[in-house]
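What TrEMBL annotates here:
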DOMAIN    41-308  domain 'G-protein coupled receptors family 1 profile'
TRANSMEM  29-50  transmembrane segment
TRANSMEM  62-86  transmembrane segment
TRANSMEM  106-128  transmembrane segment
TRANSMEM  149-174  transmembrane segment
TRANSMEM  194-226  transmembrane segment
TRANSMEM  247-270  transmembrane segment
TRANSMEM  290-311  transmembrane segment
Amino acid sequence: MWHNSSSLGPCFRPTNITLEERRLIASPWFAASFCLVGLASNLLALRVLASARQGSSHSRSSFLTFLCGLVLTDFMGLLITGAIVVSQHAVLFDWRTVDPSCRLCHFFGVVMVFFGLCPLLLGAAMASERYLGITRPFLRPVATSQGRAWATVGLVWAAALLLGLLPLLGVGRYTMQYPGSWCFLTLGPEPGDVAFGLLFSLLGSFSVGLSFVLNTISVATLCHVYHGQEAAQQRPRDCEVEMMAQLMGIMVVASVCWMPLLVFIAQTVLRSPPAMSSSGQLSRDTEKELLIYLRVATWNQILDPWVYILFRRAVIRRLYPRLSSRPRSLSLQPQLTRRPTMA
């Protein structure tokens, strides 16, 4: 533990940044515009989702429930973190004065971990649901209810929240990060910091990797069915192609936005000699890298809703007219009761 004033909480590390530097780095107009665009995008996606869920099939209804959970998570993440960051950028308040006991900093850290992991875990849950629906239709429930899908979303939320609360239980620490406008896990050499940093990084990376594997198998199965000998009788429906296109888009966005930060966290906490000094200071280059990777990761919350909006059947048909010209195809569900009909 680094030396700190007895009147301040444990979340404050030594920092060497002036008020003028903070003003140059922290633009309230950029932060506000970023949040407004993200909130508007997620609200638009929720409106489109509400209309799409009417009259949808069981498998599509379950998938749309997962998507709704993802968009709600992104919306709330932008709303909560944006309110704090925009206020800090606009006023440039001294966090030590406003929050000497670190309650706000700890809340911010929990929020960052929670809303960071949820999209990755939900992406893996959606990939698992589509994998079972496409490659193992017998093992998948015939009618996956919306209640079961919402229960899975709730389980993901609970798991992410539990992980986010670990530093408050003694595993890891949330500390103020450069340039003094946000809090996140500590990239220090202490065993708790290393354990929590690796847990966050490896769990997020595992979710992305699992999504990649399952989505690759699902797409390969769809292509095999589409071009195989039974294509005339068992082609993928348009909605199945649409769901996989959206899921692949979500996976690509999550990988591009989050993997740099996850890899950086793992590399930093495992660095030898440690990246953080005994006084709690990180080099300015390390602090700037962390800030850049964090800003890249936050783009995930803006791009997720646009993946759903743009990768709908109406848009896909414009890019791939064959989807609208070919006859309506059958489901991938096995045909159990096909009987010959008399002429």
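Cβ from N, Cα, C; glycine included.
Remember, it's a predicted structure, so these values are computed and weren't measured experimentally.
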Surrounding residues of the transmembrane segment (290-311) on its own chain - C-beta under 8 Å, 6+ positions past either end: 25, 34, 37-38, 41-42, 44-46, 48-49, 67, 70-71, 74, 77-78, 81, 115-116, 119, 177-179, 182, 184, 187, 242, 245-246, 249-250, 253-254, 256-258, 260-261, 264, 268, 282
Cβ contacts under 8 Å made by the transmembrane segment (194-226) with residues that lie 6+ beyond its boundaries: 113, 116-117, 120-121, 123-124, 126-128, 130-131, 134-135, 163, 166-167, 171-173, 185-188, 234-236, 240-241, 244, 247-248, 251, 254-255, 258-259, 262-263, 265-266, 268-270, 332
